[in-house]
Structures are given as C-alpha cells and as structure tokens.
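Reading through the structure tokens given below for one structure.
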Amino acid sequence: MSLNIYLPDQSLLRPRITVFGVGGAGGNAVNNMIQSNLHGVNFVVANTDAQALENSLSEKKIQLGIGLTKGLGAGSLPEIGKGAAEESINEIIEEIVDSNMLFITAGMGGGTGTGAAPVIAKAAKENKILTVGVVTKPFHFEGAHRMRTAEYGLEELQRYVDTLIVIPNQNLFRIANEKTTFADAFKLADTVLHTGVRGITDLMIMPGLINLDFADIRAIMSEMGKAMMGTGEAEGENRAILAAEAAISNPLLDNVSMKGAKGILINITGGLDMTLFEVDAAANRIREEVDSHANIIFGSTFDKESEGKMRVSVLATGIDNEEVVIQNKSMNKDREDHSINFSEVSNKNFNHSDNEIAYYKPNDPGEDNLNSMNHNKRHSHYKTDNQKSNTIPNSEHKKVYPNRNDYWDEDSFNIPTFLRKK
C-alpha cells in the first residue's frame, strides 16, 4: 500500500488580500493599481454608474442598486449610495467573504463613495475581515458643504474599519507645480494606496531574510483607528537614511505625528547589495520618531529590480488611539439604532457663512499645515532627484449637518451617465 502526500498550491496558503474600489475615485485608484502590475491582490470595483463600470480594468465589477439608480449614478447624494449598497449587499459579501484583508478605497464627499463605503466596511467587519479604509477628502475649491459631507462620511466609515487612512486632496498642491495635470495629480494620491498595499504584500510573498506572516499584520492593524502610511526610495550615498526620512516626512502629511502611534510596521526592501548597517540605520531612524512602548514589527525583503536602491515603507497605526477607543465604545453600544441616516442629515437646515470656505492661495506660504512642517525641514528631501515617497495622514473629524440644497449638480468623481451624455 502506498501513501500519497499532496502539497497544496502555495497560492492557496497565502493570505487573500482584496482591494475594493467604490465610486468614481475608488474605481480610478483600482485602474491605476492594475496598470502598475501589482501582484498578489484581488481587485473589485463597485459603482452606481453603469458607464463608469464599463471603463474599469477590473475583472470583478458590481453594479450597485440597479433597482434604485437604474445605473445612472447617485447624483452626489450619500443616502442614494448607501441604499444602493444595501440593495446589492449579497453580491458585495460574495466578493469579500473569502478575503483575509480588505482595502476599501473611495472619494469622500460625493454620493456613491461616501454612502456605500461604510456599508461595505460593515459587511467586512461582520465577516471578521481585517479592513483598512484608504479614502480622499475634497479640495478646498469644492466648497464647505462637500467637505462637511466628507467628514460625516468619514465618521460613519470609522465605525467599521480597523484602520483608516485619509488623503486630503488639498495637500497635492504641495507636490504639484503649474505643469502638473489634473489627472497626474490624482495619480500621485493613488500611489499612496499602491505603495501601502505593496509594502504589506511584499513582506508576505517576496523572498527575504525577515518575512512576516498575516498574524503580524493583524496585530499592528486590528482595531487601531487612525493611521498614516509612507514610502521612501533613495539611491547613492546615505540611501538608507534618505529613504527612511522620505517615508516619515512626505509633504502629503497633514499635521499627524508618529510619536503617539501604538503600532509600527517597517518594511525595508533592496537588492542583494543592501548591507546590514544600512538596514540598521534606516530602522533606527524610524524608531527615533515613535514612542519607546510602541509595538514595532520589522521585515526586510529582496527585490532584484532594486539593485542600487533602497525602499522603506512605514505604517503607523493607533494614532490618537485613546480617543478612537472611547468613540468606538460609545458607538458600539447600539450601532444599529444610531447609525448615520444620510437622508436625515441632508434635510437638516444648516446655514454657513462664506468665511467657512478655505481656498488655496498659491502665493501664500503661511498655510498652517505647511508651516507645521518647517521646524524639521524634512520635506526638502522631496526636491531631490534620487528620492520618491508617499505618506498618508489622517485628519480630525467634525460632526456637521449639510443641507440637501447645497449639493453640487455634478460630482467631480462620480458624474452620472445621464449628465455625461448631455
């Protein structure tokens, strides 16, 4: 009698990571990630706009709320986006149920992303999936109402995700110039999601001296609230320090300090020429920025294409963690009865003055966020040719009650089909 032993396919033993793009902005982010040939990740897009779905490069697509929207979009109304996601909840669960980790990416302030993303996050939480939200906030020129809608959507989303990373679109002005196209500016924001996902997948699937497993990732990210993520790349002399500096001091950083972070994930990637002293220098530079009691998990991988270069990725979680824990405890007491009703929010009367709207001034160097970074001058590294980086901050959330009449007729990230065809 012979004993046959079968080894399972290695791909079946790897954690299943899904990136879920919601709405127009989320769909665009997924398209950019697919075009960059990111491996080891499953992609799903969902939208209320049938025409936008047709233009997606993702093989898996979900038409949200066919009965509610008829494929014509959410019209910048979050309550429509929420209702559409609830109508299609079975399809959503079918696509995410086998995932170990889920990244939800969307643009806050519009209809589909703002309304549907929390519904998807809630379904993921109920299925015990480690969930990370990576979302954008509107430009200042989009108006105070859209910003308030985004903040309220962020508050709802944070109820369900383990970790939330917010990219303020306004900060793109810090790294753009007069020749930067509108499309290229959004690609810069999308690279934050790309490098963050890549930093995690590389640690688990690429060869290296120190690889991490999914349990390590979960320990850093589970129930951690606000987070920031950064990646820096450098070559030449002092490449280790330069890459580490770039990872922790990107101009996209929005007044968020790593000092209070409860968990830090560090991934250092390089070619076979990467030395022990360089790894030590990069890791210690990051360690200097965080509390001595922070849980630091370190990994290092090799990449043949990185010969002569070093790439440092940092994920800091649990920023302002005490406040998040308190909020979550109060929210979780009766989440179902107190979940945000976007239709009620939209019908509230809310009068705001013009001075509540902030505008970008190209010649005004006195912006609070920009000045806050001048004390360390780390952002000067981004002007060199041998560095690339992407860091994502979070911002504080405020409760607001928008007026339905303030909604824009056109959503920059989610234009319905019937408007597009005019």
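Using N, Cα and C of the backbone, Cβ positions are placed for all residues, glycine too.
Taken straight from TrEMBL:
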- GLY24, ALA25, GLY26, GLY27, ASN28, GLY111, THR112, GLY113, GLU142, ARG146, ASP190: GTP binding site (BINDING)
- 16-208: domain 'Tubulin/FtsZ GTPase' (DOMAIN)
- 210-328: domain 'Tubulin/FtsZ 2-layer sandwich' (DOMAIN)
- 362-406: region 'Disordered' (REGION)
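All features noted in TrEMBL, drawn onto the structure.
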| residue | record | CB count, 10 Å |
| --- | --- | --- |
| GLY24 | GTP binding site | 27 |
| GLY26 | GTP binding site | 33 |
| ASN28 | GTP binding site | 23 |
| THR112 | GTP binding site | 38 |
| GLU142 | GTP binding site | 21 |
| ASP190 | GTP binding site | 24 |
Using DSSP three-state counts, the residues of the domain 'Tubulin/FtsZ 2-layer sandwich' (210-328) come to 41 helix, 39 strand, 39 coil
